[in-house]
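**Q** Starting off with a structure, shown below.
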Amino acid sequence: MPGALPMKKISLAVLSLTTLLAACGQPQTSPQSPAASAPSVAVPRTHALDIDPAQVVTTKNGDMYVRNQLVVNLRGHSADALADQLGGRVLDQLPELDVALIELPQGKDARSVGVALMREGQVLYAAAQTVQRQIEPVRTAQDQLGAQAVNQVFDTLPQYALDSNHLHAKAAWDAGFTGKGVKVGVIDDPSDVSHPDLRPNWAGKAYDPATNTTYTTVQGWIDAIDGFDGKVDNKVDPGIEHGTAVASTIAAAKNGQGIVGVAPDSKFYTAAIFQPGFIGDYLVARSVIWTVNQGAQVINNSWGGTGYSPLLKQAFDYALERDITVVVSAGNSYREEWRNPAQLPGVIASAALDINNDKAGFSTYGRHVSVAAPGVDVMLASPLFINADGTRKTGGYTKDGGSGYQLISGTSFSGPYTSGVAAVILGAKPDLDPHQVRRLMEETADGSVGSNKAGFDRETGYGLIRMDKLADRLKGSNMPQKGGAGRVKVEIQTPGGYVPGILADVILEGDGADGAVYAVQTDSDGYANFVSIAPGTYTLRVATPDLTLTGGQSDERDTYVGKLTVTSGSVLSTVAPQRVVLVKGAVDLNPVDPYEPNDTMAEAKPISYGKMTELAYIFGKPRDVDFFSFTGKAGDNIQADVHARTAIGGSLDSFLVLRDASGKNLAYNDDANGQDSVITFKLPADGTYFLEVSSCNILCKSNGDDASKGQDDDSPFNKYVLELQLLK
């Protein structure tokens, strides 16, 4: 393809809307100075589903979860009865998924409780609520923006992403493929539906999952955004802008001003999952369900993180099984890795390219990437929050007099370009299933971009989406074959018989270098489900258990490698599961600590320099503490390390104390800075010393001196290994 045109840059941060649009011969559309807002119809916020930052735990992989909030698929059981059994209370329910959010009592860890419930088979799955994160845009210095090619201007502002060297959107539009009749759900922070480029294509509904409220007027919605801080005072949070940029990528109106979305005749819904504070997967799932139930045909997700969420998996399956296309951003991690939800089966993961059609440096890559689209310095909308009287709300991202447009970078925007193209496809071929939509983009992509000039590569998937080639296919009837479903049942052979292999990692790798890759975990029955995936033969890989949840050493896992075939048109309800039997990896809810009893200094077990203990547990009583003794000399520089949640997984938030023979607290350490507890200390005298290991819940409040002042913390996944070294 022809080389990309050079692009100089300017700073949009200092340009007023008058300056920017006057250069294009357009009148100013920015409203006048702020004034009092119109009466609010925003629903008062009760904060019932807010996440307490003190309850957010970060695992060794960087995953974040809420310690006291449990997400449960009830399998038809009563949420209230289960909450009573756990000593907690029901915060909310999702009837479409048979899911409840339960708050646990003090001292209980949701991960441990969830695994125990799954092991008992009482529920289909139970897991701690995970914390989701917006994919932060990559902001680059924007010094210069010079002359643009004529074919980069579609309304009044330059958009290289849509030109003939990139997506070539005009070729599809000229052929009549504009996304007309298709609705796209934008699950993000709240889109500004008052923006002149978004208002014409807003589908008329906006959703606040925190209050479970649907807004149907522009003023009502922007007042709701205004009220995210608890009061409607004509001020909005300056951090709210991402969803506006995302929505404009897809559906900015072709109205003679500003920019144009890649699907200019599509409509969009906005669901505001990102609001001040942490956002959990529960409200994300609620937003997915709402978007599906409104009739969206495409759902865009420019957010994500690491780890696995069975709730998000179920929510996206809810969409995919209803033939709704799900697009996700690959991520901005600068490296090869799987991210959630980009790793899930059935979704379309989009990578980002720069103006030269090279992979953007920040774009996450791997075999799960499907296609690529522009994502560096793309021209998109920024929020204005225009009241009904023409004034603007204050305090927002776009300053008073600002343009309402910005240059911005990230897979957050290659993703919605991909969503918009999906809308274009479905506007022409509404009967295609999500896999056919994905495959049509892949088959018509420009595979010359990326490291493999002949086709698929991990950096860009099948290559740059090309809407000119796509339009040629849409004119005909030759469509890709339908997707299919696969199911795997994992069992573990134990002395007492076969038990379900819960929390097993199950991966499907398509044959060949360009075979798609999908990853899920098993439920409490040992099933792993794959919905709307490519037909064909896969390499099936299974490993159990997930040590990030249960903790432990790699030799505790068992693995399997085999084959699985997926047939076009097959669905989950009728496909026969493939059985996999392992001989170890069953989750142990009643482990034996080899060092107990060692709950007092008198019962301390010996440890010496250069040694590590076996796997041990803070478990078996509400406030367990473990003592180990060693002999040292005056002047010895010692280091004691607890290898716990950060190092070996599991749930132990470790706390370590060094005591002398009298029991005096010489030093203590909680885990911090991405590592478990560690004490480095110079011994003052010859003698016997003691290391006391417990959890922060038990000992932090008293700095290690009084467990009675702490909280209960009794979990079979409170695992650790203690190491003692003599430093030189």
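Residue numbering: from 1, along the chain as shown.
Using N, Cα and C of the backbone, Cβ positions are placed for all residues, glycine too.
According to Swiss-Prot:
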ACT_SITE  ASP188  active site, charge relay system
ACT_SITE  HIS242  active site, charge relay system
ACT_SITE  SER412  active site, charge relay system
DOMAIN    159-471  domain 'Peptidase S8'
SIGNAL    1-22  signal peptide
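I'd like to know what surrounds each of these features in this structure.
**A** Cβ contacts within 10 Å of ASP188 (active site, charge relay system), excluding its own Cβ and spanning all protein chains shown: 27.
In the three-state DSSP classification, SER412 (active site, charge relay system) falls within a helix.
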**Q** To the nearest whole angstrom, what is the C-alpha distance linking ASP188 (active site, charge relay system) and SER412 (active site, charge relay system)?
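**A** Distance (Cα to Cα, whole Å): 10 Å.
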**Q** Check the DSSP secondary structure of ASP188 (active site, charge relay system), expressed as helix, strand or coil.
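**A** Reduced to three states, the DSSP call for ASP188 (active site, charge relay system) is strand.
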**Q** Rank the active-site residues HIS242, SER412 by how many other Cβ atoms lie within 10 Å of each Cβ and give me the one with the fewest.
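**A** Comparing Cβ neighbour counts within 10 Å for the active-site residues HIS242, SER412 gives HIS242.
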**Q** About how far apart, in whole Å, are the alpha carbons (Cα) of SER412 (active site, charge relay system) and HIS242 (active site, charge relay system)?
**A** 8
